[in-house]
Structures are given as C-alpha cells and as structure tokens.
Amino acid sequence: MNTSIPYQQNPYNPRGSSNVIQCYRCGDTCKGEVVRVHNNHFHIRCFTCQVCGCGLAQSGFFFKNQEYICTQDYQQLYGTRCDSCRDFITGEVISALGRTYHPKCFVCSLCRKPFPIGDKVTFSGKECVCQTCSQSMASSKPIKIRGPSHCAGCKEEIKHGQSLLALDKQWHVSCFKCQTCSVILTGEYISKDGVPYCESDYHAQFGIKCETCDRYISGRVLEAGGKHYHPTCARCVRCHQMFTEGEEMYLTGSEVWHPICKQAARAEKKLKHRRTSETSISPPGSSIGSPNRVICAKVDNEILNYKDLAALPKVKSIYEVQRPDLISYEPHSRYMSDEMLERCGYGESLGTLSPYSQDIYENLDLRQRRASSPGYIDSPTYSRQGMSPTFSRSPHHYYRSGPESGRSSPYHSQLDVRSSTPTSYQAPKHFHIPAGDSNIYRKPPIYKRHGDLSTATKSKTSEDISQTSKYSPIYSPDPYYASESEYWTYHGSPKVPRARRFSSGGEEDDFDRSMHKLQSGIGRLILKEEMKARSSSYADPWTPPRSSTSSREALHTAGYEMSLNGSPRSHYLADSDPLISKSASLPAYRRNGLHRTPSADLFHYDSMNAVNWGMREYKIYPYELLLVTTRGRNRLPKDVDRTRLERHLSQEEFYQVFGMTISEFDRLALWKRNELKKQARLF
C-alpha cells in the first residue's frame, strides 16, 4: 500500500515530484552530494551568498528575509557595532543604557575591570564607571546621572519630543525665546548673563557701534582708545590699509594711523608749514626761486615791498628790517625793473644789486636785447647769464666777470671810440625807461657821447680799454674767470690782505646831476638822506664800540668774494691812491637792491689797512658750528657771514657736504644753491 508524502512546492521550481529531490535554488534534480538547510536541499554550487555570490557550504551564513547571506555582507547590512571597540558584534552582546558592547569590552573606564553581575553602573557622558570607582572620584560637583531632564524655560520635565541644548541647559523648542520680544530663536542668538536675546534687541540694549560706519558690531571688534571698530572699517587715513591683529595704531580724533604713516604725515606737515611761512607775504602765483621775485621786508609790523622800502632812509631800513636773510620775496617786475634800471642809470653797477635782483636784471636785459636787436642770436657762443657778445664798437656796455660768482655783471663805462675797430654792429641802448610822475626814481639814465674822450678816461683807464679791445667780436670772455687786466697787485699791510675795485669816476658826477634835475622837494630830501648815509661811517653791530679802530673784515655779499682757486685779486695801497681819502668812508657798491641789514652790507675802513670793497677772507669753521638751529642763528660765531655760511667751510669739508667743489657750486643757479644750502642747514 503506497502512502503519499505531502509535497511543498519549491518557489524556484513550482513543478515538483514526490519521488525526486530537487534543488531549492535551481529546481533541478539533486544527484550526488547535496546540502540540506531547514529541510531544503541545494546543490553545492547553488548554495551561495545572495549578495556577493560566495559559497556558503564551508562557512557560516545568516538567513534574513528569505535570503542566505555570508557573515561579512550581513554585518555590513544589518550588523551591530560595539560602542567601545567599534567592531561588529557576533555572538553574545551586552546592552546598557541603549548601547551595545562585546562582553569583553564592557569594563570600567577607570579601573578597566569587567562589571560584576548585578552591580550598578554609573554613566557620565562617554564613560562607564563601576560603583567602587565612582565613590573614590574627587569632584566638586556630583556626577549627573542620565535621568529625567527639565526645561530651563518652563521648568517642566522633558518627557518626549525634541529638546534643545543651549547655554548649557535643555529647553523645549518652543520655550527658547528672546527675553525682550518673545520671538522663538531658531537661528542665531546673543546671550548676556545667561539670558538669550535676538540680535536686534541685544544691539538696542547693549550693542556697540562702529566709529567709522556707525553700525552695530557683531563678532570680532577692534578697540582703540575707548573706541570700537569693525576690523574692516579701521583703516589708516593715509594708506587706507587695514590693521592686523596686535599691530600698533595711532588715534588722532576720529582718524587712525599706522606709526610709519603718522611720521611721514608729520614730516610733510613741517615741510608744508615751512614753505607756507616762506611765501606768507607773497601774492598768489609767485614761487620760491623765481627770477621775477623781489625782496619784501617787515618793518614795524608792516610788510613793505621794494618800492616802499627804497624810500626809507638807509639807516632805518638797515636796523629795523627783521631777519633780512630769511625774508620772503614777491614778484613786482614792473617797479623792480624800473627802479633797478634807474639805479644803473645813476652810475651803479649790478654789483650793487642783491642776488635775487641781479637774476631779474639779467633776465630782463636778455629779453630787451632779444626784442630790440634783430641781429641777436641765442647760440652757445653767448653766455647763459644774459651776456651779449663783446664788440669793440659797443661803447655803452661791456661785461666784467665776477671773481667767483658764476655770473657776469654789467659794468657801465665809456670806451674810447678811437680805440675800437669799426664794425657794422651797433649795440642797442639799454635801460631807458620813460619817466613817470608817480615815481621820483624813474629818471632816464644819462648816456655819455661816444666821442667824449675825457669822460671815457674817467670811467676806465687806458690799460683797461686796451685790454678789452683784444677780444674778437665773436668771442666773449668767460663769465666764470676774471681777466688779468682788471686787477693790480700790491704789497699791503701784513695783518690782513685788503683789496678794492676801481669805481667809475663819473658815478658821483651822474648822481650830482640827477640831484639837480629833481624838481620835487621830497625827491631831493630822499636823495640827500642817501648821500648822508653814504658819507657816514657805520658801526659794526657785532663789534663793541671800543674796538672801532681795530682791523675788521667786511661782510661779503653774492657778487665779489675771495678766490679759493688761486685766481688773481686786485690789491691797492691805501696811501698811494688819492681817491681813497674821498671815498673810503662810503659803503662799497655792493650787490644789494634793498638796503639790507648790516649783517650783509657794512664795510669798514681801517687806517692801518686798505679798504675792503667787496672782498674778504672767510675764517674756516667746522661744519657743526655753522649749522642753523630751529631757534635761530644766535649760536653762530660772531664773525661769520650769515648769508654765506658755506664760505666758512674748508675745501675738503665743503666737498663732503655738497658733493662738489666751490667753483662748481658757484656755477649753479641761485635757487639751486639755496636749495642745497637748505638741505645742508646752512641757509
């Protein structure tokens, strides 16, 4: 009797037979070795992992969701890691406080011993401590054991739902609000004394504003001098760069500076103040060193220009003009040119003009000759100082180069017509300005006739005339070197070498004739004052009155100085010249358009020596004694020329200070020399 065995259909092979064992995976008939798992049979080749396909017949496996999976794939998909060693747990597992451990990993964090069965476990954060170790722990605060939490806002227990951890407290999400406006804080917040605030309410009550942008500061703040700035708003007012952390900064009012920028600004301010003080009494448009600038002086707290200052008596202008070596200048070319030309018409040479006035004169003379003479050619043959070509036919002007000044000074004299070579060139008559009623000095110059032999011999000796006729019409003497015919040597007193230049014999006659031509009583009075001042002897303000008979050296101006390169100088014996008795008491014709102070103009006569008319020996001093301090020049030696401090340096020290020789220095323009002297603190 056959009994039927109940058959369960294979899901892989629904067709089945009760007499044949079929594979659970592929459904084919199983022959030979088979694997039986839970009453299911498999071919050995068919019993593989459902994920990676590896064979499971010789290794362990897991069955989950009707799938056979190897150990590695099961751990990656469904495995549990140990909370201590972070490895997958297979076999026994210990769960405590929602965490799982290997039995060997569940030990005390302090003594590293396994927990006894049934013992209490103290959990503090990430550490599990046994009861023995928890009692021996020294702590000022009791260890919080995880348990029921209370909201810091409503003080109720947080039983379920999401909690918020802020300010080291737990809150209900709906309880974490701004203390002022009660807005739920879901984003950024600012706390003060453990109380949360929204950003706007915190700034309104406790906020700090930036001094630059006037906005509230959130985050990093830069504090300096009790003021607060955003790090990006605190910038140097000079270089506009931000300050790095810990960098030093200067605070001036509402401005911040880098230390280097502050020092540079102070230096620029001093330089600007210095330039402003020099041009404080000059009108707009004038510039320092310009050839069109005229000396202005301060007398009795009043600013006087050249025109007004020239009308003062010389004694008043000498002793009451304040600091003539530092007074400013202003352009007044119209009056300057007229008065200077009139002074030349009265017989004075440009050696009497100041360095600034001579520059104006030379530029004016150059423009007049260009405009009046169509045959004038501006070529390198002619000197840059405005010296016209020397022709023997020109009886009105010829130029005598200064000893060392680097520029040519016109010397007015009358030449003998018969000693000149005939030529077609006729020099134009210069310096003729029509007279005006407003200025008593505007009188036309007195020109002598060409054929007047007597007047020609008065103004120039025959040797001088013969020497000047040696120059060819296309060659002019070098303005930087003096010709040998202009000086006569002598053996004078052994004390101090003295020298003088011959003056034109007709100058005093011209002055007398101009005196008679003046119809105005004021003009005659002013000219008498000048004649009286010229005929009087001035006292040296730097020498005591009792030493008036001692030998004194006259202070020197820009035109004539002692040679340093050995060029010949004129020496004349006082006892052998009858003209000295007549003119020794008069001040020399020096280069001074204004009546400057005695520091630059007074010349003295000593009966034991010859008269010094524009030449002197400079006493050598160290460079440190000649430096000009900020509080004035009261510390300088008394016998120095304050307008030419560089002349008191030795040749070696002069080269060290200026980087050039004295002759090279004299060839520079006046403004350039003054700038170099300012840089060397000798001005």
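Backbone N, Cα and C atoms are what each Cβ position is placed from, and that goes for glycine too.
Source: prediction; values computed, not measured.
Swiss-Prot marks one residue of SER409, SER493 as phosphoserine, namely SER493. Checking SER401, SER503, SER551 against Swiss-Prot for the annotation phosphoserine singles out SER503. From SER182, SER200, SER576, SER583, the position flagged in Swiss-Prot as phosphoserine is SER576.
For the residues SER286, SER408, SER454, the entry in Swiss-Prot flags phosphoserine at a single position: SER286. For the residues SER462, SER504, SER550, the entry in Swiss-Prot flags phosphoserine at a single position: SER504. Of the candidates TYR189, TYR229, TYR376, Swiss-Prot records phosphotyrosine for TYR376; the remaining residues carry no such annotation there, which does not rule it out for them. Looking up SER18, SER139, SER372 in Swiss-Prot shows the phosphoserine annotation sitting on SER372.
Sorting each residue of the domain 'LIM zinc-binding 4' (208-268) by its DSSP state yields 10 helix, 16 strand, 35 coil. For the domain 'LIM zinc-binding 3' (149-208), the predicted model reports an average pLDDT of 84.
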